[in-house]
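Participant: Following this message is one structure expressed as structure tokens.
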């Protein structure tokens, strides 16, 4: 029996010949060119995530070298100069080459999906921003290849330590210009994010239907535009001092304090630039695994706006011991910024309260974040008080505090986001057992490393020192901290194995929302999404459009609960008519 319109004769032979042609395989060169020239926000997001994670591993190795040096008194494996280079580049890498671009990676991948956009507003600018970040970072790190080594004046580059007399090497110039280069990429990326959020939201997505993560990306972008131009100006002025004798930061003219004001006016908003997006990730994860909508959605947005506003008023709390700042004002503003942060915790815990909690790996990391960040916040209250700060400033107490705050936010939320969105990134789920092994080894290793450093700081151990005396009494605590730091470092290995195992043996999820209770719009498209993200967009009538799509009966109940009297009558009348 023949099929209608089946080709006959020569046409059939030609068709048969075409069907027998081998399928063209992907050539490695084609794949490389595609990745190097892509303007797809998802691919660019992947590049940001992979590159920033690679820098995370490099910065972690430097941290382990420093901890190995400090395990016992005396110089073990590094000279003092090498130690200075290690702690300078460790801080620079972790803050400006890992945490900041990690935000750009998650924002690139997830934000356009959550607002129903086909891409970002300026795709080519997006790619240009990534290359600025990559090459700027490589220039800064490339100082290790120069005869005098990398920058060694601390990641904050205090003047006059960073001038041409005290830091004459080319590595310092590469650090300055590399960070300026990378910072331009961050600025351009933030312009892109703000424009995309303002101009490219799907029909029905008002500002107060946007996911919390999108709100946080928007406010982070605003902070970048406030902070990074100040850093760029300060870096160019410092380079002018070094190369052209500009005398901007001469100590005789008050330049040392001027540098600190400029740098920390960037530096403290930077803390929230690397905190707010990761608060947003936690705000996406907790409702899904609590089986509840976010408690206090409007209050959470208000708290985020308050944190962003207050973050540019507290920079001089890094400068209490200089004697050149108004202590009551900056102390009060620092205490004040704890209030909206407390509101956020109230919202997160309120969402979990009486929820149907499910501790899959993303929720486990989110819970670890809540515990760790709380510890960091408590020590922050101590440091906000000038009389107490005077005693522990520049000690390991400060090191412990900011690692609890920064690591507790960025790394815990990063792993939570990886496990939560991995099926959206790749179409496959990461292994739960390996994820929990990673969590517990990292959790124990982290707290063992840094909890002890509070006590070291209280006993008077200064930060940035390459050595100490056996008579100082710091040996036992330093040894414990170093052992736990290597456990922390080893915790990354199960995650890397998990990624490899999932890529090679993982089964495709086959559904839009493998978690079953996803609320935001990225869970209303396939895993992974098509090139322009959506084939069709669901109706957006709340801040949980994907949940409304997959659970229409609950959405109808919510609509009835939140409707006015006239709307309730209409809904009820429609139900009766349906019967």
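For all residues, glycine too, the Cβ spot is worked out from N, Cα and C.
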Participant: In Swiss-Prot, one of 480-500, 501-521, 522-542 is tagged transmembrane segment. Which stretch would that be?
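Facilitator: Within the set 480-500, 501-521, 522-542, Swiss-Prot attaches transmembrane segment to 480-500.
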Participant: Quick one: sort out which of 17-37, 437-457 is the transmembrane segment according to Swiss-Prot.
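Facilitator: Based on what Swiss-Prot states, transmembrane segment spans 437-457.
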Participant: Between the candidate ranges 363-383, 552-572, where does Swiss-Prot place the transmembrane segment annotation?
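Facilitator: Feature transmembrane segment in Swiss-Prot: residues 363-383.
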Participant: Between 241-261, 262-282, I'd like to know which one Swiss-Prot lists as transmembrane segment.
Facilitator: 262-282
Participant: For the transmembrane segment (125-145) and the transmembrane segment (262-282), check the count of CB pairs under 8 Å (sequence separation 6 or more) and say whether it reaches 3 or more.
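Facilitator: Contact criterion not met.
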Participant: For the transmembrane segment (217-237), I need the partner stretch with the highest count of C-beta pairs below 8 angstroms, choosing only from 93-113, 174-194, 262-282, 397-417.
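Facilitator: Between the stretches 93-113, 174-194, 262-282, 397-417, 174-194 has the largest tally.
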Participant: If you take the centroid of the Cβ atoms of 268, 272, 317, 318, the listed Cu cation site, which other residues of that chain have their Cβ within 8 Å of it?
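Facilitator: For the Cu cation site, the extra neighbours are 264, 267, 269, 271, 311, 314, 315, 334.
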Participant: If you measure residue 318 (Cu cation binding site) to residue 401 (heme a3 binding site) at Cα, how many Å is it?
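Facilitator: That separation, Cα to Cα, works out to 13 Å.
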Participant: What whole-number Å value do you get for the CA-CA distance of residue 268 (Cu cation binding site) and residue 401 (heme a3 binding site)?
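Facilitator: Checking the Cα atoms of residue 268 (Cu cation binding site) and residue 401 (heme a3 binding site) gives a distance of 14 Å.
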Participant: Give the distance between the Cα atoms of residue 401 (heme a3 binding site) and residue 317 (Cu cation binding site), rounded to the nearest whole Å.
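Facilitator: Here the two Cα atoms lie 14 Å apart.
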Participant: Based on Cβ pairs under 8 Å, which of the stretches 295-315, 319-339, 363-383, 397-417 lies most in contact with the transmembrane segment (262-282)?
Facilitator: 397-417
